[in-house]
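Q: Right, I'll just put the structure down here and ask away after.
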Number of protein chains: 2
Amino acid sequence: MSVLPDLAAIEALDAADPLRSFRNRFVLPEGVIYLDGNSLGAASSSALAELEQAARQEWSQGLIRSWNKAGWFDLGLKLGDRIARLIGAAHGQTVVGDTTSTNIYKALHAALALRPDRKVIVAESGSFPTDLYMAEGVVATRAGTSLKLEGVDAASIEELIDESVAVVLVNHVNYKSGALRDMAALTKRIHDAGAIAVWDLCHSVGALPVELDAAQVDFAVGCTYKYLNGGPGAPAFIYAAHRHHNHIQQPLSGWWSHARPFAMETTYAGAEGISRFQCGTQPILSLRALKGALDDWDDVDMQALREKSLALTDLFIALVEARCGAYGVSLETTRERERRGSQVSFAHENAYEVMQALIERGVIGDFRAPSTLRFGFTPLYTSYRNVWDAVIILEDILSSGIWKEPRFAVRTTVT
Amino acid sequence: MSVLPDLAAIEALDAADPLRSFRNRFVLPEGVIYLDGNSLGAASSSALAELEQAARQEWSQGLIRSWNKAGWFDLGLKLGDRIARLIGAAHGQTVVGDTTSTNIYKALHAALALRPDRKVIVAESGSFPTDLYMAEGVVATRAGTSLKLEGVDAASIEELIDESVAVVLVNHVNYKSGALRDMAALTKRIHDAGAIAVWDLCHSVGALPVELDAAQVDFAVGCTYKYLNGGPGAPAFIYAAHRHHNHIQQPLSGWWSHARPFAMETTYAGAEGISRFQCGTQPILSLRALKGALDDWDDVDMQALREKSLALTDLFIALVEARCGAYGVSLETTRERERRGSQVSFAHENAYEVMQALIERGVIGDFRAPSTLRFGFTPLYTSYRNVWDAVIILEDILSSGIWKEPRFAVRTTVT
């Protein structure tokens, strides 16, 4: 962005935005510029309506009959296939249920079972930590297995991939920096070494087009409460390539993964297909809010989404550097568009206090220790004008030094 | 019940019922006698109101700020302590999250870690099957471990308990027959052999008083969407006795079980206390419906609940045997009050068809293969008159033979 736009140019961008009508589908608070949809997505009218229908009609009035009549039992499979388009997956390879953490556990076990002669799991030290903690749990339950980390055992993940490696667990977009991995290239590198690729899509699904089948990914997991707007803590999803379906062995073998769950058999027999990655009874109310959110996604052109995402993040970087560069902010996210997700991080020595001051002024981003200001740009409900206004407020906070007031230094439990 | 009551006596029982006002808290469909609260509990106004508050205010308006301001992050711990009174657990030993299946996996691993020199898991072949499937998953991830079953390897669970046994996984109330185990006696027998006791409370929590601490139970799991009325698929809970808290090792070691989840550390360090049984981010909307349901439970006298439960099941058994005994029904549940949960099962050769005919007439129980008619009696919203009316309808269906009509034989996926 060589010439900084003025307000008229910003307004022209919004007027020409092919996604601008989506904003009307969301219920957002007055006076807030929400740049944290990468942590918790906003509520759409459709999500709220589905939730109410599920609670007031299907649960209250249908009671147990709704397991059949309202299709609750297959909901995880149906919603998985709704997400499939967003992640480049053909039918029948994706199921919604449990948490990202739990699904990582399943995927790593399944991958290790496919490579019984190999014992090394590779991951990133810069990963969202639960991925590593779950990998440690897997190591504890598979004798001889070990975990090697990029940033600890080698500088790059590629250096760690050799013929001892069974599985590589890697984040598509880094939760903190917003860095985007080249999925196709890294998956090929992993396969060339004979290993299995498990991708964590938490910060890419709904933020940009993902092409799992085209990249020949083996397994993937992801979250539905960030860009997908499924509601706080909405259940996660797991993807397994068709070619592995006859070979899935995962130890969270609950009754929903059984070939005949209602036959009440004493012995486990895994279901065909992606169902084998299910486990126990799922939280239907949360799933139904997600269903409503996915109704909105059916109408989204993923290329238009990506173009707007990059335009928003380009604009934010340019405006912050032009207006706030003198106040100690430095870009942590790459300027390279092909390597960027839909979020931008800036470092600042007093990032915690600055973020608290921003939130007080209605600009909601988040802080990541020790010094990161993180801003997420959700193309469905963020306008160019939002970006413009947010930067003016950030400039005002930094130039006035108001963030130095003691109230902004009070730490709360969760940020 | 030596003399069968008449309708006047039934109405007198309802008039004298100390729990009768609870029925007004529930939103039940017109024209239905709901005898399946042991499968899916009914919705209370309080549960629906909490859900709406969580969705329309906290999510829509509070957005990410609600993780702190609405107390979402600690919700599983807070709700665990609300359930504690119902299961005889002192503070800080119970947490809500994940599914019963997943929690069984955690509990069995934790138990096996406490008995590293022992390799046998004992369970019941008549268990709800997911318990067995999860135990198989644990066996698959712990070398040398094996599973022995009551009803397969020996006639009684007591016969299987010897010094090779690490852990016994047992249901407090059998899901099918309604048989109630003597928790204190069996736990003592398990401890005398040096083993660990894991109790599945799915069909006892909210159905009768449970006394985990008094019985010195080691671990317990349970479901919240049956008698507790938490909503379809509401998250489960897990209990661990204080004495084990410093020794909990469970492999589903997600970030919510970390000592410092927001420090984003690379290496796992388990939290103190029951938090170590948490895993990943929980479905907040479903948890909030459960919170509303538990508000109702705070006012329930558990002894009064048990007395009414036994009175309802006694009455049902007596009326069915008197009115329907000629039509091929035979009692599968014990007459012995001390060994009975809050459900009654009758066998009938055509149980499937009879249950479909009952449901068409508005009496909702359920069918369990191959030949069980199962009826649950939830003292908070079931009246003596409900029992009376249900038996009259059952008698009418059996005596008229209407269940033989072909439409009642059409099988649906889930029952």
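Note that Cβ sites are derived from N, Cα and C of the backbone, with glycine treated the same way.
Where the annotation comes from TrEMBL, it is an automatic prediction and has not been curated.
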Q: Check TrEMBL: it lists B:Thr100, B:Ser101, B:Phe128, B:Pro129, B:Thr130, B:Asp131, B:Asp200, B:His203, B:Tyr225, B:Trp255 as binding pyridoxal 5'-phosphate. Then name which of B:Thr145, B:Thr187, B:Thr281 it lists for that same site.
A: B:Thr281
Q: Across all chains shown, how many C-beta atoms besides its own are within 10 angstroms of the C-beta of B:Tyr225 (pyridoxal 5'-phosphate binding site)?
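A: Its Cβ has 27 other Cβ atoms within 10 Å.
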Q: Just the number: how many Å between the Cα atoms of B:Lys226 (N6-(pyridoxal phosphate)lysine) and B:Thr130 (pyridoxal 5'-phosphate binding site)?
A: 16
Q: For B:Thr100 (pyridoxal 5'-phosphate binding site), write down the residues of its own chain that are at least 6 apart in sequence and whose Cβ falls under 8 Å from its Cβ; none is a fine answer.
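A: B:Thr100 (pyridoxal 5'-phosphate binding site) has long-range Cβ partners B:Thr130, B:Asp200, B:Cys202, B:Val221, B:Gly222, B:Cys223, B:Ala236.
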Q: May I ask which residues of the same chain, at least 6 positions away in sequence, place their Cβ under 8 angstroms from the Cβ of B:Phe128 (pyridoxal 5'-phosphate binding site)?
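A: Listed in sequence order, they are B:Asn171, B:Tyr175, B:Asp200, B:Cys202.
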Q: Looking only at B:Thr100, B:Ser101, B:Phe128, B:Pro129, B:Thr130, B:Asp131, B:Asp200, B:His203, B:Tyr225, B:Trp255, B:Thr281, the residues listed as binding pyridoxal 5'-phosphate, what is the longest Cα to Cα distance in Å?
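A: Result: 30 Å between the two most distant Cα atoms.
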